[in-house]
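TrEMBL has this to say about the protein:
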BINDING   B:12-19, B:37-41, B:58-61, B:118-121  GTP binding site
BINDING   B:Asn23, B:Ala24, B:Thr26, B:Gly27  Mg(2+) binding site
DOMAIN    B:5-167  domain 'FeoB-type G'
TRANSMEM  B:284-309  transmembrane segment
TRANSMEM  B:315-332  transmembrane segment
TRANSMEM  B:339-364  transmembrane segment
TRANSMEM  B:384-406  transmembrane segment
TRANSMEM  B:418-444  transmembrane segment
TRANSMEM  B:450-470  transmembrane segment
TRANSMEM  B:508-529  transmembrane segment
TRANSMEM  B:549-567  transmembrane segment
TRANSMEM  B:574-594  transmembrane segment
TRANSMEM  B:614-636  transmembrane segment
TRANSMEM  B:648-668  transmembrane segment
Amino acid sequence: MANTNKMIFAMVVGILYVVFGILKMLEGFGIETGLAESLLIPGDFFGGFCFVVIGAVFLYAVKELSAGVHMGVSYVYVGILMSLVFMAVYLLVMGADLLMFYAVKSEDYEGWRIIDSMRPGIYLGLLSLIGYFYWKDRFTTEMTKV
Amino acid sequence: MEKKKITIALAGNPNVGKTTLFNAITGARQHVGNWPGVTVEKKTGKRTYKDTEIEVVDLPGTYSLTAYSIDEVVARDYVVEEKPDVVVQIVDATNLERNLYLTTQLMELGSRVVIALNMWDLAESRGDEIDTRKMEDFLEIPVVKTVANRAEGIDALLEEVVREADKGEHHEHEVSYGDDIEKKIIELEKIVGKDSALSGKYPVRWLSVKLLDGDENILEKIEGSSVATQVNSVLSTIKKEDYEAAMAEKRYETINTVLPQVCVKCIKGVTFSDMIDRAVTNKYLGIPIFLAMMWAAFEVTFTVATPLMEFVDMFFGWLAGVVAGSITNPVLGSLLGDGIVAGVGAVMIFLPNILLLFLMISLLEDSGYMARAAFVMDKLMYKIGLNGRSFIPLLMGFGCNVPAIMATRTIEDEKDRLVTILVNPFISCGARLPVYLMLAGAFFGRQAGSVIFGIYILGIIVAILSAKLIRGTVLKGKPSPFIMELPPYRLPTLKASAIHMWEKGSIYLKKAGTIILAGVVFVWLLSAIPAPGVDAAFASEEILGTEDSLIGVLGHIIEPLVAPLGFDWKVAVALVFGFIAKEIVIGSMGVLYGTGEDEDALAEILTAGAMNPLTALGLMVFTLLYVPCIACVGVVKKETGSWKWTLFMVAYGTTLAWIAAFLIYRIGTAIGWGL
């Protein structure tokens, strides 16, 4: 049961990361998906590639868990860690934008709003944050029991 | 047709089913005798498998290959001196940890090993899940499941044995004993290597390890050698008992890192380290995860540093104002304002990027992840003809190529080391970063981070392809074994990482205060001296950085060389001075375009027509690939001890740079991209 929850979580988050990653890559290539504005997706090929990698890590967990490999939970854990690392990166970028607006008062940041620096890496990372605090130490303790 | 003949030795711990397997392979074709000089039973047998006649030698059962018992000495002497084509280690699948200890020692002997994972059925019945594919990946040894008492897996084992014996190249993984012990190993290797009789007979690294292990049998062998005094002098500096314990501990540390990856239930508990390792060392995901982590590090380096760069820029803008307002002498004012403040300021502005890049690398190193990255990259490195150990010096090249090239000293094999040195300058060092930042920022807007990441990736690709080319032509040969080092993960502390960052970053600061300062003053001097025949005062406004200055003459002389790449004489001059230090490229451009330390003004001039996205990209690629800085060339000469290889590196890199920039400019122009 514990692994079923993790598998569902990994599937949902994995698909989201892969889809958002592909959208970022397409936008990076200059292909307009029509979703960039509503989902705050910037065009960024390599950033999109990283999202696809995170998604692939989650989906690998689904592959292993569905095959009954208990250690597949490792991929859920690493997927969560990676998405938290990327969330931290985008929060740091947001902090840099804040400094550019308030401290540097750069002309390029005229009319800047905090939402302009909101990236999918931040709001998708929230899902991982929930997963992390929900399972936390249970990742290893449940592994040991199986 | 005559049958091919090979000899295999069966090794393994006592009671792992070795004799049963021996019987299963050889049947009735056995001969029992004694090993020469000792009363240890020696069994040999024969078996024909397909077109191969296999002689099987049953070695005494041992837990390790130290010299504590006669069995161990007999077993290892046979492996080392008789050199069987393949050593088959019979591993008890129900007791992997103890059995793998012997594996680590067989790996050190440099033998071709095949593991027969025996009693597989027992392990399976108690619920163990052993991933033999993973085991093969970690150990670089083929693994075959066997049940000797039912003769199961024998054909598969023999198939693998024959394949291993036929394999042209043999890649090995070995245990790393940590920095201190590894230094002693290298020191001893250099000494022992001088005795050709010893080094021809035994693997030099293995001899060195055994000497530090306090192996009496090897110490006796050394006593009669011409290098005995030097060896004893090194050994007198260490406490043997401590080394022996530390080395055994390191072997178990390696086993305990590998074990959770190959068998979940063989261990009592799973740690977070085990879980992380499972994913980051995954065959398919390992390299993409590494690339993603590097991208995250670069994103922080480039984006988060922007406001900090603005602060540095503001400071130098203020300083330039102070200089301009307080110095009345025009020549001194120009030297300080247009030369020193402009040149050094143009370099110092990138200090936040450099420090953040070093901080990111330190965080990754201190966490233990970089060691995994080296492991993950080993397979790829091997394919391109390099050793996994080459990965760390290459990675260090992202900071500075000078210490990176010095770090190749840990690579034992001379050819591996030479190739790593020659391709290291293609790994983009921090000094080249200002050029990318300025140009990518000016021409590629929000895509700047990705363009710069792409340049770094290009450097890696060129390094890989060059290594493959050099390894396949002028430096043919097989890469040496990979030394596995998988320390436990640690949460890096900001303090420790900040100290590492400062240690590396301060080199940049020192450089800014010395060689870069001297370089920009020299550039200013040349740009302030009127060209022959020009009637103007020294450092006057009308000649400073123009075609009428001495630097203008120099620029026009070399301009034809770079004109096919779309570069003008100012870029040509900046590239020439980039040989002093890469940071000077931007400083020089600031002086030559008359914008001083004002990056925005320089970007404005460049985007207004002095350059276009194609020439900007070409210049970034040229800066990446052409001759490295003078310090780097010096260290290449020192480490290779050869002007031939140093000049080869300079000529090869510069030619590649020219061709790459030419192709970018010409193809880009032809298809109308970026114009």
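Using N, Cα and C of the backbone, Cβ positions are placed for all residues, glycine too.
Feature map: TrEMBL annotations on the structure.
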{"residue": "B:Gly12", "record": "GTP binding site", "Cβ within 10 Å": "30"}
{"residue": "B:Asn15", "record": "GTP binding site", "Cβ within 10 Å": "10"}
{"residue": "B:Lys18", "record": "GTP binding site", "Cβ within 10 Å": "25"}
{"residue": "B:Asn23", "record": "Mg(2+) binding site", "Cβ within 10 Å": "18"}
{"residue": "B:Ala24", "record": "Mg(2+) binding site", "Cβ within 10 Å": "20"}
{"residue": "B:Thr26", "record": "Mg(2+) binding site", "Cβ within 10 Å": "20"}
{"residue": "B:Gly27", "record": "Mg(2+) binding site", "Cβ within 10 Å": "11"}
{"residue": "B:Glu41", "record": "GTP binding site", "Cβ within 10 Å": "11"}
{"residue": "B:Pro60", "record": "GTP binding site", "Cβ within 10 Å": "22"}
{"residue": "B:Met119", "record": "GTP binding site", "Cβ within 10 Å": "22"}
Study note, to complete from the structure: Whole-Å Cα distance, B:Gly27 (Mg(2+) binding site) to B:Pro60 (GTP binding site), is 19
**Study point:** Cβ-based contact of the transmembrane segment (B:284-309) with the transmembrane segment (B:384-406), 3 or more pairs under 8 Å
**Key:** no
Review point. Tell me, what is the mean pLDDT of the domain 'FeoB-type G' (B:5-167)?
Key: 85
Exercise for review: Take a look at B:339-364, B:418-444, B:508-529, B:574-594 and tell me which one has the most Cβ pairs under 8 Å to the transmembrane segment (B:549-567).
Suggested key: B:508-529
Review point. Do you know offhand how many angstrom separate B:Pro60 (GTP binding site) and B:Ala24 (Mg(2+) binding site) by C-alpha?
Key: 17
Study note, to complete from the structure: Listed stretches B:339-364, B:508-529, B:574-594, B:614-636 vs the transmembrane segment (B:384-406), most Cβ pairs under 8 Å: range B:614-636
Practice item. May I ask you to report the DSSP-based helix, strand or coil state of B:Gly12 (GTP binding site)? Key: strand
Point to revise | Rounded inter-Cα distance in Å - B:Asn15 (GTP binding site), B:Ala24 (Mg(2+) binding site) | key: 16
Point to revise | Top partner of the transmembrane segment (B:574-594) among B:339-364, B:508-529, B:614-636 - counted as Cβ pairs under 8 Å | key: B:508-529
Practice item. Looking only at C-alpha atoms, tell me how far B:Gly12 (GTP binding site) is from B:Asn23 (Mg(2+) binding site), rounded to the nearest Å. Key: 15
Check your understanding: Cα-Cα separation of B:Lys18 (GTP binding site) and B:Ala24 (Mg(2+) binding site), in Å?
Key -> 10
Check your understanding: Which state, by DSSP, holds B:Thr26 (Mg(2+) binding site): helix, strand or coil?
Key -> helix
